[in-house]
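K.L.:
For reference, the structure I am asking about is given below.
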Amino acid sequence: MAVQQNVKKGGREAGGDLIVGKHVYGNLYGVDEEKLWDEELLKDIVVEAARVANMNLVDIKTWKFTGFHGGVSVIALVLESHISIHTWPDYGYATVDVYTCGANSDPWKAFNYIVLKLKPRYYIVHYADRSSIPGYTESEKR
């Protein structure tokens, strides 16, 4: 059963016709295994990443998957979109995804904060501009 929850307006903003969508995502390699198993630490890192990036936290969920190839997943719903970390401690590997809608939050700050706290040996980061095209309407797709 799905539960609908009302949240305050203002998290997703449009500047005229342009919806500002910024997506920063990447892979972290050589992260300490203990950090990648620590569900509470990862949750705290995501909460603080949302704060430093000027995002409004709505809810956060964590899951731990035990055994070899297990790991931890942390997903934060923010008014602006989401932040997630998925870990594979046996490989010292994590993926990070930060997506925001609106001009007032900065996904780069959240991503960089997570990298700072997890201290990977190296990482690969990608950026996608997910903004709409000014003046483009649904009827023009047809």
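Here the Cβ of each residue, glycine as well, is placed from N, Cα and C on the backbone.
What Swiss-Prot records for S81 is active site, schiff-base intermediate with substrate. Feature annotation from Swiss-Prot assigns pyruvic acid (Ser) to S81; the stated evidence is sequence analysis. The active site, proton acceptor feature in Swiss-Prot is assigned to H86; the stated evidence is sequence analysis. Among the features that Swiss-Prot reports, active site, proton donor is placed at C101, with the record citing sequence analysis.
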K.L.:
Using the alpha carbons only, what distance in Å do you get between H86 (active site, proton acceptor) and C101 (active site, proton donor) once rounded?
P.N.:
22
K.L.:
Could you measure between the residue listed as 'active site, proton donor' and S81 (active site, schiff-base intermediate with substrate) for me? Cα positions, answer in whole angstrom.
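P.N.:
Cα-Cα, rounded: 6 Å.
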K.L.:
Specify the count of other C-beta atoms within 10 Å of the C-beta of H86 (active site, proton acceptor).
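P.N.:
H86 (active site, proton acceptor): 18 neighbouring Cβ atoms within 10 Å.
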